[in-house]
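The next block holds one structure in the form of C-alpha cells; read it before the comments.
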Amino acid sequence: MPPTKKSRAARWFYNVSRFNVAALFSTKHEPGPKRTVFVNEVLPSDYYGPKGKLKKEYVYTPNQVITSKYTVITFVPRNLLEQFRRVANVFFLGIAILQFFNEFSTISPGLVIFPLLVVLAITAGKDAYEDTKRHQSDAKVNHALVHVLHSPGWVNPNQMLPKARTFVRGVRSLVHKKPGAEDDEKSGGEAWRQTFWEDVRVGDFVRILDDEPIPADILICATSEDENVAFIETKNLDGETNLKSRHGVPALAHLCDAAACTSPENALRVDCERPDNNMYRLNATVHVGDKTEPVDMSMTLLRGTVLRNTRWVIGLVLFTGEDTKIVLNSSGTPSKRSKVERQMNPQVGVNLTILAAMAIVCGAADSHLEKRYFPEFAPWLYDDIRSDDNPSINGLVTWAFALITFQNIVPISLYISIEFVRTCQALFIYFDYEMYYKKTGQATLARTWNLSDDLGQIEYIFSDKTGTLTQNSMVFRECSIGGRVYSGNPTPEEHSSSGDSSTVRPSGSNNNSPSSSPRFSDPALTADLAAALHPSPGDQPHARTLHGFFSVLSLCHSVLAARDTDNPDSTITYKAQSPDEAALVQAAADAGYVFLGREREVMLLRTPFCGEGEVERWELVNVLEFTSARKRMSVVVRKLSGPGDDEGGKLFLLTKGADNVVFERLTRGQGSQEALKKETEQHLDEFASNGLRTLTLAYKVLNEEEHAVWNERYHEATVALEGRDDLVEAVSDEIEHDLRLLGATAIEDKLQDGVPETIADLKRAGIKVWVATGDKLETAIAIGHSTNLIGPESNIIILRDGDEGSRPVADQLVRAVQDFFPDSGILDNAGVVIPPVARRSFSAQERPHPLRRLTTGVSSIVGANNGTRPGGFVLVVDGTALGHALADEQNKNLLLRLAMQCEAVICCRVSPLQKALVVRLVKEGIGAMTLAIGDGANDVSMIQAADVGVGISGEEGLQAVNSSDYAIAQFRFLKRLLLVHGHWSYARNGNMILNFWYKNIVCIGVLWWFQIWDGWSAAYVFEYTYLLWWNAFWTIAPVIAIGVFDRLLDAEALMALPELYRYGREGHWFGLRHFVLYMLDGVYQSAILFFLIRYTYDTTTTRRDGFHVYQFEFSTTMAMATILTVNLFNGLNVNVWTGWVFFAVSIGIILSWVYTAIYSVISPGWIATPVYGNDHYLFRSAYFWLCIPLTVCLALAPRYLARAWDFGAFGSIPSDVDIMRYIRQTEPGRDLGRDGPKSTQLERGPSPSRYSVDTLPVGPVPDLRSASTTDMSTGLRNPSRGFGFRDRGGWRCDAADTVESL
C-alpha cells in the first residue's frame, strides 16, 4: 500500500502497540565484518589501536548461546512488564493502590491487593517454569564437552569477547565442575583437553569424535578416513536423516595430530567472509605459505550437525556462538499472547470507559446535590459545616470511591479462571489417546498453555517438507532405458524399511553384496540383462544402452561405500548425501552394477560383465556438482581397467539431471536419438502422472586435448574468491553438450501416514497451507501433488530468479497479476509502478519471448488454457526470488496480494530466516492467524514467528519441539489438534469470557441503579460480603464449567466435517459484537432485578411489626435473585448438560442460600453482621418468595425466547452447527464418515453459509497431475508433467512443450 502520513496520535498508538518488552532486556547481535583467523602466527600490528588495545572488529563473539528469556536479575521487571501489557492488570493495580488510602478503604488493603498478587504470582510461576526448561536446555548445550587443543607453549592469538555473566551463571559455576585431568585422560592425551562448548574460541583446534555434535562452524583439516572425508547428520538443520559427506581441505590434511597443529612450521591463516545466515554457501580461502586453497561449504562442519561413521575429525573453529549460521537463522524466544486475549483488551477498554463514566456521573451528581441541598439544611449533610469541607473536592472523592464500588466491571477473577481453564484444556490434549503415537510412546504435549483458543482460529499453516510431510525415504519404482520401460515390484525389505535411506545394502550375485531381497526387481529387465551378456547383432544397441544406463547410475554420484574392514564378506553400506541418490545407486546394485567404493580418486565397480574376482576401475577426474541453477550433475571419468580393452583409457562425461536441461544438451540431427527422445518423453509423462520424481541420464565420450584445455579453465574458476559460483557454472556448461540420451528414472518419495488426507481436510476447513522448505523446488512441487496441496486442475505460477535471461522479480510479479488476475485491482490498490517492459504491448516481432518452438526438441505445444482451469492457482517461489521480493516494500506488498489470490503457496530453497519472514509477511500483512509446523532446527525461526508453533517430536531432532507451543509426533495429528481441540477450546473460552462479562455487568448494574436512591454516593446496595464472594463462590462455577466441559459437537462430527471449522476462523464465538449483546442483556436483567424488587418493597411493608423494611432486607432478595438469574443464564448458554454442569450451575445457588441462612443468625461480635435478624423477616416475607421467581423468569425470558426462535419452526435458517447438533441428537448412530457430508442437510432448507455442509463435493477426485504451469521468469507455459526430479531446484518448465510468451 502507498505510504500515508499518520497523525502524531496515530504514530504514538502504533509505537505503543508495537512495543517489544524483550528489546529492553536484550540487544540484537549484528554479524561482524570479514575476518581472518590466524594459526601459529601473531596478529598484525594494524589490528591494534593507538593504545595497544585490540580493535573492536577483531574481537569475536563467544561460543555461549542463550535462548532463555529471563535471569534472576531480569525476571521480576521483565515479567511484570509483560503482564502489565494487560490493561486490566494496570486497572487492578490502580484500584488496589487507591484503597490503601483511608478515605477509600473498604476492607483491609492487603486483602484488596491479594487477588492481584495471586494472578501475578500464578502467571509468573508458569513463565518461570517454562523458562527454567530453557535454562536447562541452554546449560546442557553450553556445558557440553568437546576436545580442544591445549598444548604447552601453544597460544591461540585470536581474541574473544567475555561471556555473559549473570547471577544464574555465578550459581552454576559453583555447581558445575570444570573439566580436569581426569577428563584429559579420557580424551586420549594431555594435548586434547575436554572443554565446555561455551569456552571454545575462534582459532581453536578441536577434535570431534564419532557421534559427537559439532560445537561451532568448523573448517575440516583432517579426518580418520582414508579419503579425508567425514560424514555428518544434518537432521537438526534440515530434518533430513540421511548422512551427508564432507571432506577436508587438501592443503591442511597434514594437520592430523596435536604435534602438527602446534608446530610453528604449520603457520596458516583463513580469510573468511562476514558471518551470514545462508546455510548453503560459505566462501573462504586458506593461505599456507605461498599456496592458496579455496574453501566452500563441502569443507566445513556447521554447528548443530552430528559426526557419524567417522572415528575423528580435527578442525579449525571459524565462527562461534551468535556468528554461527544456525544461530543467525534463529530468533529470540517470543512472548506470545492469544488472539482472544488481545481481543479482550478493547473489551476491557470499553468497560473501563463505562466505569469512568459511571464514576464521573456519581462524582458530579454528588457535588451538585451537596451544593443544592446544603443551604436547605439537608439532614444527611450535617457534617459538611466544617471549614475545610468543599463540595467540589467531595465530588472528586466520590468519583474515586465509585471506581472502587464498580471495580468488578473488570473482574480480576476472569484471568485466574482463564488460566485454570487453559490448563485443563492442555491436559485434555495430553490425554487424548487419538493423538498418542504408539510407535514412540509420545503423547501430544501443550508446551504453552495460553494459546489453546488460537488453535480454533488458524487461517494459514506454514509447513516444512522433509521430516514433516515426508518420511524422507525414496524407492526406485520405474525406469525407461532405450525406449523400454521397466517397473519394479515392492519387496518385503521395502515394506520393513525404517525410512532412513542414507544406508542401503546393495544386492547382486556376488559375495560383496549378499542381501537376499533386492529392492528393485523386474523379470523383463533381468532377462534383457542376461541377454546383454551375449547379445545377438540385433540386440547389441539395446545391450550397450543398458550397460551405459546402469554405469551412469553407479558412477555419477557422491555416494560412498563402506564395509567392515575386519570382515571381507560383509555387506556394503552406502552413505549418501540425499536419499534419492542412495535409491539410484541401490537400483544399479540390484541390477548387478555394484558400486564397491573408492580408492582415493579411483572408483571400483562390479558389473555383470565382470568375471570372478574382476572389477572395473574408473578414475574420477572432475565432479561438476549439482546446483539449483544447473539442475544437473556430471562427472568426468576415465576407464582404467575392466572386461574388454576397447574402452580402456577413454574419457567419459556422465550426466544426470532434469529432462529439460539434458534435452537441450543432446546431440542434434541423429534420427535414432530423436526417436528415443520422443519415447522417453512419453514415459516421463507416465511417470509424472503417477506422482513419481523423474531424472534423465546421458553421456558422451571426451577428447583428451579438449578436456585438458577445459580443465585449466575449470581449475581457475574453482579457486576464484569472487564470483566463484558463476564462474564454475559457466565453465561447466562449456563441456556439457552433444550428449547421447540413455533413459530416465522414476522415484517415489514416501509420505508420512495420513498426510494427503490431513491436508485435504485442512483445505476443506478453509485453512490455506503453505510449504516453506529448504529443499529443491521440484521436490517440493512433487510433494505438493502427492499431498493434495496442489489440487485437481490447479494452475501453477512460478516466480524464480538466478537463471540467465530471467525477468526481474518485480516484472514477474506484475505480469502474473496482469495475466491471471486482471480484474483483482491488485495493481491499482498496491500503488505499483508497472515496469515499462511489463506495461508495453508487444507485437509478434517485438516479444521478449516470441512464440516459437524451443530448442529442447519437444513434440507438442500445450498450455494455452493455463489460467482458465477451474482448480485455482498455486504460487511457487524460489528462495532467490523471495529474497528480492522481500527486500523491497512495494514488491513485498505485491507478492502478498498475489499470494492471497492463490489457494496455496510453495516457497523453495529458502533459508530458515526466510521461512520466518514469510510467516511474518502474512501475519503482519493481513493480520491472519498463522501456525507453523516443522521438525528441525531450521524450522525454529518459523515456529517462533507464527501465532502458534507446532514441533514434530517424532524420530528427528528435538530443537523444533523445544521452541514450539505444541509438540506432536505425526503431522496427521494436526487435524485433530485444530479441528477438535482448537474448535472446542475457542468456543469454550469465547463463551466463558462473554458469560463472565455478563455476570459482572448484572451485579454492577444493580449497584448502579441504586445510586438513584442513595444520592449518587457510590454506596453499596448489597451487604458487602455478597459482593466479596460474587466471583469467588456465587457465580464462578458455571463459567468454569463452560470453559472445561461445554462443547458444540462431538469429536467424530468435527473430524468428519472439517467445514465446520470455519466458524472459528471467522470469529463466530467471540468478538466485540457478542460482547455488546451480552452487556446489553446484563443491563436489561439488572434493571428487571432492581426495579421490580425495589418497587415491590417500597409499597406496603411486609413486616408484622409495621416498621419499614431495612435496606438489607430487599437488597438480600435482590442478591438471591441475581445469583439465581446469573447461574441459570450461564446454564442456558451451555450446549451440553452433563453431571458436572448440573453441579456447577447449582452449587453457587445452594451456597448463597446456605450462607444467607447462617449469616443471618450470627449476632454482631468480633465481626460486624449487618444482616443479623434477616431470618426473622426475609424468609417469612411473601415478597421474597414471589419476587425471586418472577424476576428470574422475566430476566431470562428474552434470551430463552431468542434461542427457541432461532431453532424453532418460525426462526431463521439454522447454521451448519445447528444442523449437525440436531442430527447427532436425533440420529446418534449415523456414520458421518460413511454417509458423507451431503446427506447431513435438513429438509428445512440449505444453509446460507459459504462453506455449507450441503454444498460439499461428493464423488471421485480427478487426477492430481492434470495441473498446468506458468514460469513467470521466462514467460513459458506448459502442463505440469515431471514435477519430481526433472527440474532439480530451479523448476523452469517442462521440456516437452513449446510455449507461448506471456
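A Cβ is built for glycine as well, from the same backbone N, Cα and C atoms used for every other residue.
Nobody curates TrEMBL annotations by hand; they come from automatic prediction.
Note that the structure is predicted; figures quoted are calculated from it, not measured.
Annotation comment: TrEMBL describes Asp464, Lys465, Thr466, Glu581, Phe626, Lys656, Arg693, Thr773, Gly774, Asp775, Arg909, Lys915, Asn938, Asp939 as ATP binding site.
As annotated by TrEMBL, compositional bias 'Basic and acidic residues' applies to 1228-1237.
Annotation source TrEMBL lists compositional bias 'Polar residues' at 1266-1277.
According to TrEMBL, the feature domain 'P-type ATPase N-terminal' maps to 56-110. Across the range of the domain 'P-type ATPase N-terminal' (56-110), the DSSP-based residue counts are 29 helix, 2 strand, 24 coil.
Per TrEMBL, the feature domain 'P-type ATPase C-terminal' maps to 961-1205.
The feature region 'Disordered' is assigned by TrEMBL to 487-521 (among others).
Here TrEMBL flags 1228-1281 (among others) as region 'Disordered'.
According to TrEMBL, the feature transmembrane segment maps to 84-101 (among others). Tertiary neighbourhood of the transmembrane segment (84-101): same-chain residues 21, 109, 112-113, 115-116, 119-120, 337, 341, 344-345, 348-349, 352, 400, 403-404, 407, 410, 412, 414-415, selected by CB-CB distance under 8 Å and a gap of 6+ residues from either end.
The transmembrane segment annotation in TrEMBL covers 107-125 (among others).
Annotation comment: TrEMBL describes 348-369 (among others) as transmembrane segment.
According to TrEMBL, the feature transmembrane segment maps to 396-418 (among others).
Annotation source TrEMBL lists transmembrane segment at 996-1012 (among others).
What TrEMBL records for 1024-1045 (among others) is transmembrane segment.
The transmembrane segment annotation in TrEMBL covers 1075-1097 (among others).
Annotation source TrEMBL lists transmembrane segment at 1109-1129 (among others).
Sequence annotations record features per position, and here TrEMBL assigns transmembrane segment to 1141-1162 (among others).
Comparing the binding-site residues Thr466, Asn938 on other C-beta atoms within 10 angstroms of each C-beta gives the minimum for Thr466. Contact counts against the transmembrane segment (1024-1045), taken as Cβ pairs under 8 Å, peak for 1141-1162 among the stretches 1075-1097, 1141-1162, 1182-1202. By the count of Cβ pairs under 8 Å, the stretch nearest in packing to the transmembrane segment (348-369) among 996-1012, 1075-1097, 1141-1162, 1182-1202 is 996-1012. Mean pLDDT for the domain 'P-type ATPase N-terminal' (56-110) in the predicted structure: 81. With the fewest other C-beta atoms within 10 Å around its C-beta, Phe626 stands out among the binding-site residues Asp464, Phe626, Arg693, Arg909.
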